[in-house]
Amino acid sequence: MEELVGLREGFSGDPVTLQELWGPCPHIRRAIQGGLEWLKQKVFRLGEDWYFLMTLGVLMALVSYAMNFAIGCVVRAHQWLYREIGDSHLLRYLSWTVYPVALVSFSSGFSQSITPSSGGSGIPELKTMLAGVILEDYLDIKNFGAKVVGLSCTLATGSTLFLGKVGPFVHLSVMIAAYLGRVRTTTIGEPENKSKQNEMLVAAAAVGVATVFAAPFSGVLFSIEVMSSHFSVRDYWRGFFAATCGAFIFRLLAVFNSEQETITSLYKTSFRVDVPFDLPEIFFFVALGGICGVLSCAYLFCQRTFLSFIKTNRYSSKLLATSKPVYSALATLLLASITYPPGVGHFLASRLSMKQHLDSLFDNHSWALMTQNSSPPWPEELDPQHLWWEWYHPRFTIFGTLAFFLVMKFWMLILATTIPMPAGYFMPIFILGAAIGRLLGEALAVAFPEGIVTGGVTNPIMPGGYALAGAAAFSGAVTHTISTALLAFELTGQIVHALPVLMAVLAANAIAQSCQPSFYDGTIIVKKLPYLPRILGRNIGSHHVRVEHFMNHSITTLAKDTPLEEVVKVVTSTDVTEYPLVESTESQILVGIVQRAQLVQALQAEPPSRAPGHQQCLQDILARGCPTEPVTLTLFSETTLHQAQNLFKLLNLQSLFVTSRGRAVGCVSWVEMKKAISNLTNPPAPK
């Protein structure tokens, strides 16, 4: 009935459907429909991304603030329970441990029951996807709810697990961007553009960082450094615009909720502006960078080794395969027991939240000098005005608690990374770096109590500046990024230590990048995700290794003059996704590519003719409409390994055919590239 059309009685106009003819107010309905069509064309104008990026930033800011609000309520409820439960050590211990155990067990079980890809940080998988690998359902919108709920429960455990939300928020932002992109393409009816989709995903990663730290500049640079090996400068504006929208709304919500008087940085500092550091201190900042680089190598090696052990050990692997919540509960119980404040947690400042950890470590006064003549009390309740008291113990001193904190959190964080739940690992690493810098700064303050004399003027040493440099250097070394220096400035709102912090970050990266893969690359290796390693150094001979030395020679070509019987045999006996199409069996000149699925469909739709004296060949199938793809890019047999690797990374390629004088002679994929690079960096032993 709805397909029938007619004319209104006494009306000579365009035909209308019966449903419209009988519907109420047809003129108003047509006007509204026309207005919506006009609005759709304006909002979703082809090539216009402003609305998309602004929507992405605003949505992620709302999600981030709502999560922080909900997490804050749960954390305050836990603190209230711990305070009001009484003086019984058993009840206090149970309230401190059972609460996070229940939250983590629910987080692990809930997220894993919906989709296993919602666990962990999410950045390693995103790096793999942006490199051109397709991971099924990883950006599905159902993962969004699982990750939000699981991450909220993880962060609600407070300082017992000591985890952050940067990585998961990058994943959440990318999922929202992918969903909005699908809505956009469906609404305007344009075909999906893979290149543009990747550009939007990198911009979404910047939004994820910006809505956590309210740091748009470092968010953009960090996402570029972590997510992609090559980035087009013309796409900068997308990341900056979306990240600025997200960071602005995120901080504006805090002002509207009376949490802040105006839009300011997250972590307040009071560093001297006139003379923040003396010139000789540059040497100590560079030395701090070297220390952070060495410690980051140790951390990366231990973390990757322990994660591999957990995945391969007979007992832990079986527990993770069958009862992930049980493994999560056991690991959380151990970590929560260690951080119990009346016990070992007394020496770990475990009553401080992660924000309070950074607020105290960035203090510009020297705790060691302040405790030389007097011992501050350890209060029954946390004193927000004297957070540094949590770091002091009369027997351990400031140096003992800082060193103990570093040693314990070093392995506790490694253990926490094995728990299968949504969690971020950047913020704990940032705090560990701040503790390393604070320890060195306190040692220098004791060694030079009056400061270092330069030009007859003495200025006391500020340990908080070293904590800032250590946080940027250690986190930058672990993630192989330089933008952590800018992140430190945006977090604190001060740039007085710009040069020493940047020098420390560069020194740490120089050591870490030459010795270990980054935290995210190491996770990719352990999870056995598709991964194309970098070629490090100039003297390993990558310019002398040619494609013909490592390419796959056994390729199956289809010539235009191949009989259909042979084509059917090739299709049924191989499982490749595409075949190189050559001009003839004799010449082997590469002229195109035929997709296997389309070729099978064409063969099924057009059965071979049984006319006598006529033998059908592949050319007949192609002439009837079987689509072929032009060969836009190939490798020459004389192409070097270095050039091939750069080409694969630049264009996010998975495989390329190799030609010699136009003839198809082989193909190169990630498998051959990885094997060639591995043989180059670690030559096999001579037989």
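Using N, Cα and C of the backbone, Cβ positions are placed for all residues, glycine too.
Quick caveat, the model's predicted, so the values are computed rather than measured.
Glu281 (Ca(2+) binding site) carries a helical DSSP state (H, G or I). Residues or ranges marked as Ca(2+) binding site by Swiss-Prot on the basis of a curator's inference: Glu259, Glu261, Asp278, Glu281.
As annotated by Swiss-Prot, domain 'CBS 1' applies to 551-609, with the evidence given as sequence analysis.
Positions annotated as domain 'CBS 2' by Swiss-Prot: 626-684.
For 507-687, the entry in Swiss-Prot reads topological domain 'Cytoplasmic'.
Positions annotated as transmembrane segment by Swiss-Prot: 52-72 (among others). If one looks beyond the transmembrane segment (52-72) by at least 6 residues along the same chain, the residues whose Cβ comes under 8 Å of a Cβ in the stretch are 148, 151-152, 155-156, 165, 169, 172-173, 176-177, 180-181, 184, 200, 203-204, 207-208, 210-212, 238, 241-250, 253-254, 257.
For 161-181 (among others), the entry in Swiss-Prot reads transmembrane segment.
If you look up Swiss-Prot, you'll see 202-222 (among others) marked as transmembrane segment, on the strength of sequence analysis.
Here Swiss-Prot flags 236-256 (among others) as transmembrane segment.
Feature annotation from Swiss-Prot assigns transmembrane segment to 282-302 (among others); the stated evidence is sequence analysis.
The transmembrane segment annotation in Swiss-Prot covers 329-349 (among others) and rests on sequence analysis.
Summarising the annotation, Swiss-Prot assigns transmembrane segment to 396-416 (among others) and lists sequence analysis as the type of evidence. Remote same-chain partners of the transmembrane segment (396-416), defined as residues 6 or more beyond its termini with a Cβ less than 8 Å from a stretch Cβ, comprise 161-163, 299, 302-303, 306-307, 331, 334-335, 338, 344, 347-349, 367-368, 371, 423, 425, 428-429, 431-432, 435-436, 438-439, 442-443.
If you look at the transmembrane segment (417-437), the same-chain residues 6 or more away from its ends with a CB under 8 A from one of its CBs are 104, 107-108, 111-112, 116, 118-122, 146-147, 150-151, 153-154, 161-169, 288, 291-292, 295, 299, 303, 306-307, 310, 320, 324, 327-328, 331-332, 354, 357-358, 361-362, 402, 405-406, 409-410, 463, 466-475, 478-479, 484, 519. Residues or ranges marked as transmembrane segment in Swiss-Prot: 417-437 (among others).
Swiss-Prot lists 452-472 (among others) with the feature transmembrane segment.
Here Swiss-Prot flags 486-506 (among others) as transmembrane segment.
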- prompt: Of all the binding-site residues here, Asp278, Glu281, which one's CB has the most other CB atoms within 10 A?
  reply: Glu281
- request: Could you please provide the mean pLDDT value for the topological domain 'Cytoplasmic' (507-687)?
  value: 82
Result, the transmembrane segment (486-506) in contact with the transmembrane segment (282-302) (3+ CB pairs under 8 Å): yes
Statement: Beyond a gap of at least 6 residues from its ends, the CB atoms lying under 8 Å from the transmembrane segment (161-181) belong to 52, 55-56, 59-60, 63-64, 67, 100, 104, 120-123, 125-126, 139-141, 143-144, 147-148, 151, 154-155, 197, 200-201, 203-205, 207-209, 211-213, 223, 332, 335-336, 339, 354, 409, 412-413, 416, 419, 422-428, 430-431
Statement: DSSP composition of the domain 'CBS 2' (626-684), residue counts helix/strand/coil, works out to 23 helix, 17 strand, 19 coil
